[in-house]
Ligand SMILES: [Zn+2]
């Protein structure tokens, strides 16, 4: 069934687990995410990266249909929209949540731009996730200048000023592959969770480590974005199969199998398995 993200995350927050937001950019990945969730009886979020699908209106219709027919709760997020136009595109395509990322611009402007889009999205019955602090790209970590950790008091102010529905926080995770060992600031997460009442989101779940992820859920993270590990697992399944001769006809089912296995693993790690109600 299609559900609002805040409705879904309300239970996650209460019970101390996180819902995985899984890369879903086409029919194969969307079906794989839902199949994994149905097998694990887990709620799931389909996460489409900005420009992840070339025909967003068609894709939006398709995943709405998938969500309605799914046996588990499904929410639809259009991730990291970086412009006004892109956010509107996500709303028009039928996502029931858009992520508005202005984490790299100065605070005051960030608030102004996010606030405007929250007002528009809410009028269209769409929810909004935003990010404060900045989760870096490609192996950057908390020590990198590109990253900026979330400041708890600022996070509280930001949520009040913008009226966002969920907040992504920067506590030391990174998008893509990590350079070294991830160093997560659990102390910081605790402080943010004490102040901010909206559900907290962790970006860059891939490569963070099972133990670290499980701990973030216990300390207030309600949604974890996973992309890289799913794709890597799909690729590895293909390589280990070898695809000799007519095995090539199994190309897409094997990719899907690799994706599903890792998605199911994350549902156990995040504690969402068995929580579909
Ligand atoms: Zn992200």
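Quick reminder: no glycine exception, Cβ is built from N, Cα and C everywhere.
Since we're looking at a predicted model, the values are computed, not measured.
In the structure as shown, the Cβ atom of residue 79 (active site, proton donor) sits within 10 Å of 25 other Cβ atoms. If you look up TrEMBL, you'll see 79 marked as active site, proton donor.
Note: residue 203 (Zn(2+) 1 binding site) has non-local neighbours 131, 135, 168, 173, 175, 225, i.e. same-chain residues 6+ apart with C-beta under 8 A of its own C-beta. Annotation note: residue 203 (Zn(2+) 1 binding site) sits in a coil segment as assigned by DSSP. According to TrEMBL, the feature Zn(2+) 1 binding site maps to 80, 175, 203.
What TrEMBL lists as Zn(2+) 2 binding site is 101, 131. Other Cβ atoms within 10 Å of the Cβ of residue 101 (Zn(2+) 2 binding site), summed over all protein chains shown, number 23. Under the DSSP three-state reduction, residue 101 (Zn(2+) 2 binding site) is assigned to coil, being neither helix nor strand.
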### Cβ-based isolation winner (fewest other Cβ atoms within 10 Å) among the binding-site residues 80, 175
175
## Note on the structure
One should report the C-alpha separation between residue 80 (Zn(2+) 1 binding site) and residue 101 (Zn(2+) 2 binding site), rounded to whole angstrom, as 5
